[in-house]
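Single-structure report; data block below.
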Amino acid sequence: MDKNLAGILTISFFKFYYLLISVSFYAYIPLYFASNGFGDANIGVLFALQSFMAILTYLPSGFVNDKISARQQVIAATFIYSLFLLLLNFSSTYAHFIMLFILWGVSATMIDNSTNVIYYKESQVIKSRFFFSFFAITATMAYAVGGKLGAFLSGSGDFGFLFKTLFAMSLPLIFFSFFLTDTRSARIKLSDYKNDIFSFDSLLIAANLFLFTYHWGAELTYFTVFFTRSAGLGLNDVSWVYLEVGLVMSAIIFSLGIFRERIKLEPRTALMIAVAFSGGSQLAMIYAAGLPGALFNQLLHSIGDACFIYYWLNIIPRTFKYEKIGGASSFVNLFTVLSVVSGSYISAAAVRESGDPYSAFFISACLMFLIYPLALFERLKKSGDHNLINLMEATAE
């Protein structure tokens, strides 16, 4: 097998397998807490702690990925992640879960960030349309399969079976991590990142990521709640929605990658399409009743989120240099973590105040549409800069 193709398939399979375990856990752990009498406030503290650890870990993880091979960080993180899943099987008190969610926040962030950095760096070296296609569908396929897997493993209410299975699945993850591609390291000081991180393009990407991924926080907290309480779906119906979203997004993303040279879709154009479909479908969720309505609504939403993934995974390698992409990408991607956390907590407050889960998605849609005036501002600024350069050149002549 071609060495480049082997590297593409290895990192893509690793990311899919890790996310499969992750989705199977986080999609159903709230049900475990509810069945064991954990109050909403206690559950909120646990997820806040996990998010706080992710925020603390993100930037240091990125800087380290430029100084050493990102593979080394992945290897270390998989051991911690597997330990977290092992200890789940022996935890019963709230204090136990506080410690476990710290482990989860640190290890999951290290794995997620470092695998992304491997993709960003290697996509600048390996010019293959298959790289984006395979890597980009890892999350969407895991979303599709993980929703069904988690439902199956926890369907009888035996969460011990879910925890044991996920721990067993995590052991091959450690083995696979040793076969990931080594990225080149560089001697980079923190001060070297200043011009990259605080450039106009970097801050614009960070703003776009924040405004778009806010709705993921709303979904994390109220996706299942909305469709079961407001749209009248059962848990099995919701698992079919997960499956549809994952498969549709995977098909669109894979096609965008395979035919990238033919369609020549610019990342910023993809973002504009993403906002229209994703934001519009969130506003229309109020009309999603029953399984057919939910499936149609999420079909439209899938188109938007797929186009956003295309924007996200293409704009970062185009913007930052290889030797500094670990730290620079971690800076802009940190805004997705902050956004998801904000989306989760603001959504909870909005739903408590209104009593209606739809309010969470109405707010997220309104925020997402702010990307349009931001895009107009970018166009006007760059047009003004270009005109200024032309004027200076004409004056010099």
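Here the Cβ of each residue, glycine as well, is placed from N, Cα and C on the backbone.
Tertiary proximity for the transmembrane segment (7-29) is limited to same-chain residues at least six positions away from its ends with a CB under 8 Å from its CB atoms, namely 74, 78, 81, 85, 108, 111-112, 115, 118-119, 122, 126, 128, 130-131, 134-135, 137-139, 141-143, 145-147, 149-151, 153-154, 159, 162, 166, 169-170, 172-173, 176-177, 179-181, 220, 224, 242. The annotation transmembrane segment is assigned in TrEMBL to 7-29 (among others).
Long-range Cβ contacts of the transmembrane segment (41-61) within its own chain (Cβ-Cβ under 8 Å, at least 6 residues beyond either end) map to 30, 33-34, 73, 94, 97-98, 101-102, 104-106, 108-110, 113-114, 327, 330-331, 333-334, 337-338, 340-341, 344-345, 348. Marked as transmembrane segment by TrEMBL: 41-61 (among others).
Within the same chain, residues 14, 18, 21, 25, 61, 64-65, 97, 99-100, 103-104, 106-108, 110-111, 114-115, 118, 160, 163-164, 166-167, 170-171, 173-174, 177-178, 180 sit at least 6 positions outside the transmembrane segment (73-91) and bring their C-beta atoms closer than 8 Å to a C-beta of that stretch. Feature annotation from TrEMBL assigns transmembrane segment to 73-91 (among others).
Under the heading transmembrane segment, TrEMBL lists 97-119 (among others).
The transmembrane segment annotation in TrEMBL covers 131-153 (among others).
The transmembrane segment annotation in TrEMBL covers 159-180 (among others).
Look at TrEMBL and you will find 200-218 (among others) tagged as transmembrane segment.
Taken from TrEMBL, the feature transmembrane segment applies to 238-259 (among others).
Feature annotation from TrEMBL assigns transmembrane segment to 271-289 (among others).
The transmembrane segment annotation in TrEMBL covers 295-313 (among others).
What TrEMBL lists as transmembrane segment is 325-346 (among others).
Sequence-distant contacts of the transmembrane segment (358-377) (same chain, six or more residues past either end, CB-CB distance under 8 Å): 204, 207-208, 211-212, 214-215, 217-218, 221-222, 226, 230, 268, 271-272, 275, 278-280, 282-283, 285-286, 343, 346-348, 350-351. Annotation source TrEMBL lists transmembrane segment at 358-377 (among others).
The stretch from 97-119, 295-313, 325-346 that makes the most Cβ contacts under 8 Å with the transmembrane segment (238-259) is 295-313.
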